[in-house]
Amino acid sequence: MIAVTCGDACGEGANLEHRCKHFVGGVTIGHVFDPKSKTSNTEIRASPSGFELGDEPGFTVKENAMTTTTLWEGSASQIHDGPGGYNGVEATPEWAAEIKRLARERGATILAHNYQLPAIQDVADHVGDSLALSRIAAEAPEDTIVFCGVHFMAETAKILSPSKTVLIPDERAGCSLADSINAEQLREWKADNPNALVVSYVNTTAEVKGLTDICCTSSNAVDVVNSIDPDREVLFLPDQFLGAHVKRVTGRTNMQIWAGECHVHAGINGDELTAKSKSHPDAELFVHPECGCATSALYLAGEGAVPADKVKILSTGGMLDAARVTKSKQVLVATEIGMLHQLRKAAPDVDFQAVNDRASCPYMKMITPAALLRCLLEGKDEVHVDLEMAKRAQKSVQRMIEIGNPGGGE
């Protein structure tokens, strides 16, 4: 038994004897209120989620209880873990209001990547690309960061905000691109090329960043490589398509490229882009440099099949900037389909269409409404980065920022 003071949180009058139930953090609490003592005998009716009850308005905890509080009628007990992540909760307006309330209660700011589900983007405090969000995390006044994205992005936020608590709603949300090279593979590559300088895309793990000389984003990769002594060999990783784009633009010959890829972007191929552009001859093309079709887009422009000024190789942040100023009525977008939500909000009068409407990242979509609710209720999953590793990784990111124009990552 625990005793609580029943106030505004209870649906019944505070001065009337009554029986009622409260739903608190996934725990159903039933009690009989005694108006003389202003307390109620309270019984927990469901298994707790493992956290202590905070100072919810209307309740004075007189004995340790459990979990971050919620009076939402939706049940945290409905959350279940399945093959695609946590499910069982719908993204209703009530859910959104509860997410906002729980974030305030936890003192957290919610960050969402451009590839997240629309409902997750809409409930977030900030939406953007991975690097921009990590920089927002570092500057935010809140001590807790909830990063709705894949794991390496939350790691980068932790690297730039080592004193803050960084949470990811599902730590299993990985990244095929970041996983395409590990620290041991990079050590071996460096050993084979001892005089080379390592340039890593920010879409890498903290351990790989710690072995990197300088990071880059899709916006400034060309500038980063151009800043390096032309006689110095470069090892570029992990994305082969971004690397090919940089090599083509810079004309650099002493540059080795790791054969990694984002499986979603690699799946957007040149044949699809060609067919789509032919069926929409007046449309602009926004193409992410990680796409397997980036070379095809430039080829189409070079052959005159598409006017050169209509083909734009852009980061997600660059796509948003271009969307706000485009004069075109229709734009074909070659990147993960979650990006369409922000583009349509930025330019509602433009018809944005995916080059491949199946280009959905299953890892990004693991951040479900249920996962975000669980995260805020239970404080899970927390991201940890070894302090020494974080210091080394931070240096490679800082070198990139010093060059200027880091713009946006993926």
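Quick reminder: no glycine exception, Cβ is built from N, Cα and C everywhere.
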**OP:** Write down the one residue from T165, T250, T253, T316 that TrEMBL lists together with H113, S130, Y201, V202, N203, S218, H288, P289, E290 as binding iminosuccinate.
**Re:** T316
Subject >> Record-annotated [4Fe-4S] cluster site (TrEMBL): member among C361, C375 besides C175, C262 >> reply: C361
Subject >> DSSP three-state assignment for C175 ([4Fe-4S] cluster binding site) >> reply: coil
Original post:
When a 10 Å sphere is centred on the Cβ of H288 (iminosuccinate binding site), how many other Cβ atoms does it contain?
Top reply: 28
Subject >> Rounded Cα-Cα span from C361 ([4Fe-4S] cluster binding site) to H113 (iminosuccinate binding site), Å >> reply: 12
Original post:
Between C175 ([4Fe-4S] cluster binding site) and H288 (iminosuccinate binding site), what C-alpha distance do you get in Å?
Top reply: 17
**OP:** Measure the Cβ-based neighbour count of C175 ([4Fe-4S] cluster binding site), defined as the other Cβ atoms within 10 Å of its Cβ.
**Re:** 24
**OP:** State which of the following binding-site residues has the fewest other Cβ atoms within 10 Å around its Cβ: H113, Y201, E290, C361.
**Re:** C361
